[in-house]
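Copied over from Swiss-Prot, here are the features:
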- 26-414: domain 'Helicase ATP-binding' (DOMAIN)
- G39, V40, T41, G42, S43, G44, K45, T46: ATP binding site (BINDING)
- 92-115: motif 'Beta-hairpin' (MOTIF)
- 432-598: domain 'Helicase C-terminal' (DOMAIN)
- 637-672: domain 'UVR' (DOMAIN)
Amino acid sequence: MAKKFELVSKYKPAGDQPKAIESLLDNLDAGLAHQVLLGVTGSGKTFTMANVIERSQRPTLILAHNKTLAAQLYGEMKEYFPNNAVEYFVSYYDYYQPEAYVPTTDTFIEKDASINDHIEQMRLSATKALMERRDVVLVASVSAIYGLGDPESYMKMMLHLRRGDIIDQRDVLRRLAQLQYKRNDAAFERGTYRVRGDVIDIFPAESEEIAVRLELFDSEVDRISFFEPLTGQITEKDVARATIYPKTHYVTPREVLVKAIEKIKDELKDRRDILLKQNKLIEEQRINQRTQFDIEMMLELGYCSGIENYSRYLSGRAPGEPPPTLMDYLPDNALLIIDESHVTVSQIGAMYKGDRSRKENLVEYGFRLPSALDNRPLKFDEFEAIAPQTLYVSATPGKYELERSGNEVVEQVVRPTGLIDPQIEVRPVATQVDDLMSEIRLRTEVGERVLATTLTKKMSEDLADYLDEHGIKVRYLHSDIDTVERMEIIRDLRLGKFDVLVGINLLREGLDMPEVSLVAILDADKEGFLRSDRSLIQTIGRAARNVNGRAILYADRITGSMQRAMDETDRRREKQIAYNKEHGITPQGLNKDITDVMDLGQGSAKARKSKAEKALAEVASGYDARTVVVKDAKAVMKEIDAKEKEMYKAAQNLEFEQAGKLRDEVAELREQLKRAV
C-alpha cells in the first residue's frame, strides 16, 4: 500500500491560511491549470503549500530560483514531512566552466568542473524516490529544466538482486561496471564496490548511510543485507531483494549505445563532407579526431567525457525535440509549485538562449557535432507544454503569472502571528554609512540582527571591511560563495555568531531570518532591477518576521519604485492592523528553530566554514579577544588576494609558468594563515 503524506506540525492553519488552502484545493480539483498564491512575507506560504500537498496527496515538485532558497525550502519541508520522501535537486557543481571557443583569440577552453559529492548523491536519491514512491516532495532549482539522462534507459540499467537468484559473480561485477561503479577494496565509498571471497559489498551512489552486502553460495544469491559502511553494523538482515541504481543519470544499455554510435558516425560523415566543401580543413580534422575519440571511449567504457552532447541519439529523440529532464521523471498526477515566481519564471525563460549561443561557436569551429545543440535546457514553450498543474507563489506576482492564471489570485495577506509589515524611513545618502553604523549598535545591544544591501559586490566587500574595522561582527554574502556556505552563513547570523550580513541580490526572496529587525537599503534611489518596486518590497520583507521590524531606505529623492513599494507596504500594514484589532491579536515575533538543513558532516562543514571566513576577511573565533591575531590574518589575506589576482591575470595571458609560481606562493601564504590562527 502506498504511503500517504503526513504533515507534522504543532501549528494549525490561521489568519488567511485556512481560506487560502481551501481555495487552492478547490481550484486543483476543478482542474485549473494555473493559479497564483499572493502571500506576504511571514504569512506562512510554505505552511500553506505543505497543507495543500497533504490534502491533495500528490507528488510535488517545488521550483526555487536559487540554491539558497531551495535549501531553506528543503529544510522546512523535511520538518513538515519527516515520514515522507523530501528530496533536493540542484546543480551539483561547486565550480563549472563549460567548454567554449573564442574565435578572436583562437582559444578553446576545456570543460572544467568541481562536483559536490553530497549534492550529487541527493540528486540521485531524488530520481530514485520519484521512481519508487508517490509520497515525494522534490525541491529543485532551475537545474530541473536542464538535460538529464533518459528515464527509460536509466530504469533499464538498474540491477535487481533477489534472494535465491542464480547469477555468476563475474556477471554481477560486469553489471556493476556498466552502472559505472568502480571496484575499490581499500577505500569503500559512495559509487564503489569491494569483493571478499563470495561476498560483494556495494555502496549505492544515491545512498548516504546504507550499503548493500550480497553473499553468494556458488552461483546462487544466498543472502542480501543492508549495513552501515562506516561501522559495518548490519541494519537489516536477510532482505528479500535490493535494487542497485546507476552511479550517474547518463547510463545507456549496450544495445542502445551501439545503435547510437552508428548514428553518430553517420552524422560525423555528413558534417565532414560539409566542412570540406566549405574548405574548412582544420575544422574537419578537429571534429573527426574528437568524435572518433569519444566513440572509442563509449565502445570501451560505456561512457566518455561530455557524453551528454550525444544525448539526442542516446535517448532516441528526433532533431529539435526537447531533451529528457527531471520533468520526465515526474508521475502523471504531479503538482508543480513555482516559489517566488516573479523571479523563477523569467529565469526559466532565460536559460536556453545563453546555452545556445555558446554551443553554436563549438559546432561552427568543429569542436562538436550539430546534434550537441540538442543537449540543452528546455525552451520556455517546451516547459509550459510538459508542466503539470501549476501553483505560482509570490508576494509580488509578475505579469506572466497573472495572465496565465486568468487573474485567479488567492490572497494570503494576514499573518497568523499578527506581525505587521516594517515601518519605512527614508534618510539621506550623504551620511548613510555612519548612520547605518549607529543603527547597528542600537540593534546589537538588544541581540537583534541587521541586513544591509548594496548595489555591487565591491561595495558590499568595502562596507563589510569598514564595519569590521569598527568592531562590528559582519560578513557578506554574494554569488561567489557556494551553496552550502551560503546556508551556513545565514545559520550563523541567526545563531548570533555575527550581527550584520551585507549582500547585494541574495538578501531578498524567501530568506527566513526572524532575528533580523532592521533592513538597510543603501542607494535606494538608484533606479534599476535591484531597486525596482518588486525588489524593494522583497528586501523590506526580510524584516517582516520580527516584531520590531523596520526598514531604512537611504535616498536623496523618492523614486517611482520607492513610492510604489512604500504604498504597497502601507496597504498591507493597514490590513494587518485592522485584522489584529478585530481579533484582539498582539503581534508576536517568530520563534523558529535553527537547523542545519543540509545535514552535513562536521568535517566537511568545518572545511567549508574555514574557506568562507577567509573570503570574508575575518576569523570567527576572535572577534574581540584576539584582535592582534585578526589583524595579522587580515594582512596575510590581503596579500593572498593580491597574489591571486596576479595569478588569474597571468593565466589569462597564457603565462602558465608565472601563474604556477604564484599559485605555490598563495598555497604557502594559506599555510601561514593557518599557523597564525
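Just so it is clear, glycine is given a Cβ too, placed from its N, Cα and C backbone atoms.
Taking the features listed in Swiss-Prot, we show where each one sits on the structure.
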residue: G39; record: ATP binding site; contacts (Cβ under 8 Å, 6+ apart): D16, A20, K45, T48, V393, S394, A395, E411, Q412, V413
residue: V40; record: ATP binding site; contacts (Cβ under 8 Å, 6+ apart): A395, Q412, V413, R415, D421, G541, A544, R572
residue: T41; record: ATP binding site; contacts (Cβ under 8 Å, 6+ apart): A395, D421, Q538, G541, R542, A544, R545
residue: S43; record: ATP binding site; contacts (Cβ under 8 Å, 6+ apart): G15, D16, Q17, Q412, V413, V414, R415, P416
residue: G44; record: ATP binding site; contacts (Cβ under 8 Å, 6+ apart): P13, G15, Q17, Q412, R415, P416
residue: T46; record: ATP binding site; contacts (Cβ under 8 Å, 6+ apart): L73, E76, M77, Y80
**Prompt:** Helix, strand or coil at S43 (ATP binding site), per DSSP?
**Reply:** coil
**Prompt:** Using an 8 Å cut-off from the Cβ centroid of G39, V40, T41, G42, S43, G44, K45, T46, can you name the remaining same-chain residues around the ATP site, in sequence order?
**Reply:** T48, A395, Q412, R415
**Fill in**
Averaging pLDDT over all residues of the domain 'UVR' (637-672) gives 82
**Request:** Work out, from DSSP, the number of helix, strand and coil residues along the motif 'Beta-hairpin' (92-115).
**Result:** 0 helix, 15 strand, 9 coil
**Complete:** Across every protein chain in view, the count of C-beta atoms other than its own within 10 A of the C-beta of G42 (ATP binding site) is 24
